[in-house]
Structures are given as structure tokens and as C-alpha cells.
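Chemist: Can you read through this structure? Questions will come right after.
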């Protein structure tokens, strides 16, 4: 009886920690449950109307890179298991182009060793640096440009990258009638089974996962990952105006097999028909359903067999042999301890909740806003035909007017540049550089105009009291 009480006490004390260990070994999230503090934006990545854009929204060809990561590391290996973690991710993305003749770049789902590094732009997709290759990553790339340097098969493919931009295995998306450059919403499923060590990649315009993957490969993931890694997306432009947008993302991982056995031919269960949407009409307000792994669909016969086996073996443990009263006591005590832990947890973090919400709001306010193009007529109306009474400054390169935008009533500073022979293309190239500058002593660029042979820049003026105080102290 003494041994029984000791066993019961040990179970009650360590049961909550057992649950915590299991929770830490598995990760699951989606765009519906993520907060802004759960994402880390790197480089050119920014938020736009509920989606994540990996590259800048510029009408002039540029080369840049951006990355978004889940802020918490995900466990991919653990000492107690000889197998790497299984994972399943579903995401919807689109690649649009402000200038159809300007093509180059792509995006990738990435498993990265850290949450700080960002690779080069262009064909590197922000995955690795050309000067320091092999940074230790696993990625599934969606490439829109054929790079001979990386042995690409065409400009419309999906590839598995293992510590290198030269893909280990490639799938031709043209073979399944998917065009990455169409601008339509594309759905992708990436599933890895740690037991069978097989990775499958499926791509479709539909919300129904295709029966056959476009890419399948036997992969020992444990050779390429550390115990903890970061998951997310990376993208880049290569002298183009491509916009890479991730509209929906769900991810789950565990150390249980997540996929069907390789010999199984049963397709994944379809989502409810009421959620099916036209690919071009999808929006993040009605997110496409994340497809459950095909291994989650088990036949009723198998379920019945499992229940019988579970029932027949449920009394093989020590507590059950002691009697149902002992089991009930342990369950009750365990529930009490878990409730106690939950109460302490809520009490400790209740004060931090408001701080997190404030951080989220301030984070949203820092999202990059791209300069807007204004017409000459709009600026003329805002400055009352460039009235001399509206002049607030003179400079070597032009005159600055106070302007009031008729639509919003916002007060802006309008700089009317001196006449020059600079063409519109040169002006836009200069604009793409100025628009990305951020400094507390610089006026943020809000808009521009290049019309009637004149150039204009719009910025938010300094607060007038601060400006006057600054002048008086000089």
C-alpha cells in the first residue's frame, strides 16, 4: 500500500510536467490564431491588408529580399526519438507583377537555423548569401526565373533546396497547369513524415489537395536541421517589380507520424464544400481551410479495432489493478494540480497581456507605407495654384509649399523641384531609394508626381511648434 501511495504521489506531481513536455515537443498555429508579436519580419517584408508581403511594392524594377518567420523556434529533433519531427504546412500565396515585362525572383518556405540572418536578393531568394554559401537551411522554392547558375529547369518550377540554391529535386509546375506568374492565388501543401522520411509537395489553384504531389523525395531531415529551427517564408526580386504575398498559413509538427503510409492511395479528406472559393476571389477574411494530413483519416474498421485493443489493454498498468477508486483519485488530484498551475500562470501573465496588446498595436503602426503617386491637378489644388502665401521654405533644389490634401485634409509639405533634364525613369529610380529611407531626423516621403516636365515630392511636415522652436534656437 505504501508503494501505491508513492506511485500515486509521483504521478500527481509529475503529470503536469509531462503534459508540458509533450506540448513543447509539438507546434501548431495558423493565421487565425497568430498575433503580430508571433511574427518576425526581416528585410523588405511587411504587412499589407492582412497578408504578409515579402518584397517592396514598387513600380520600378528593384532587387530586394525579405523574410517572415514564426517568432518561436520549433523542435525538429529530440534525444528520446531516433526520428526527426513530422510536420505539415499549408499556405496560400500569390505572385503579382506591377510591370508584366519585368520578371524575376520568387519565394520559398524555409526552415532556418536562426531568426536574424537574411540572404541575398535575386536568384538567392533571401535564403543564403552568395559570399557565404551553405548557411544550413531547408527550403521549398517557388521560382519564377530560370537561373543557369543554379541549374534551374525553367522559370516556373518548385524545388527542394538543402543547404544550397541548386535544388536536390525539382517539380515542373507547367505539368500541372499552374503558372506562378499568373497573379492568381496558389495553394501549397508540404508534408514530411519523420518515420518514413519522405517529403511531399503538392500545388494547386483549388483548395482540394491533389492526389499526386508535384514533388516527392526521400529525405533524412535530421541531417539538415538542429534540435530547434525557425519556420517561415523568404522571397526576393531580381531586377523586377514582382510582389510576393502570403495570404494564409497554417503549420503543425509533432514526433508522431503525420502522413499516410507510402503505400496508401487514399486521398486526404476534402474540406466542406461551402468553403470552396474561386482562386482569384480568395481573401484572408475568409481563409482557405488548412488541409489535414492524409494520415488523419482513419477508417471506421481501424477505429473500432483500436478501441478494442485499447479496452483490452487498459488494465495492464499498476493503478488499474489497484482498483477503479485509485484511478479516480489520481485523475481528480491531477486535475486539481493542473487547475492550480493554470491559475498561477494566468495570474503571473495577466499584467503582461496589456503590454503585449500595446506592442501589437505599435507594431502594426510601423508597417511600411509606400509613396503614393499624385497628379499635377491634385497638387495644384492642395497648394492653391502654388500660391506664394503657401511657401514655407526655399532650397538650392526647389521651393517647399504647405499643402492641404482635399480628400483627407492632411497637411503635407510639397517640394517643387527646380527644372532639370532628368527623365521619368531616372526620377523613379531615385524615388525607389528615397522611399525606403527611415530616420528620425528625415521627413518621411508620402507621395510624388512627375508631370508636365516637373518633379514633386510630398512629405509630412514637422509639427509647427517644433519647427519654430528649432529655428529660434539656431
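Placed from the backbone N, Cα and C atoms, the Cβ positions cover glycine too.
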Chemist: Any idea which of 326-349, 350-373, 374-397 is down as transmembrane segment in TrEMBL?
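Modeler: It is 326-349 that TrEMBL annotates as transmembrane segment.
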Chemist: According to TrEMBL, which of these ranges is region 'Disordered': 203-259, 260-316?
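Modeler: Spelled out, TrEMBL records region 'Disordered' over residues 260-316, not the other listed ranges.
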Chemist: Taking the Cβ of residue 415 (ATP binding site) as the centre, how many other Cβ atoms fall within a 10 Å radius?
Modeler: 20
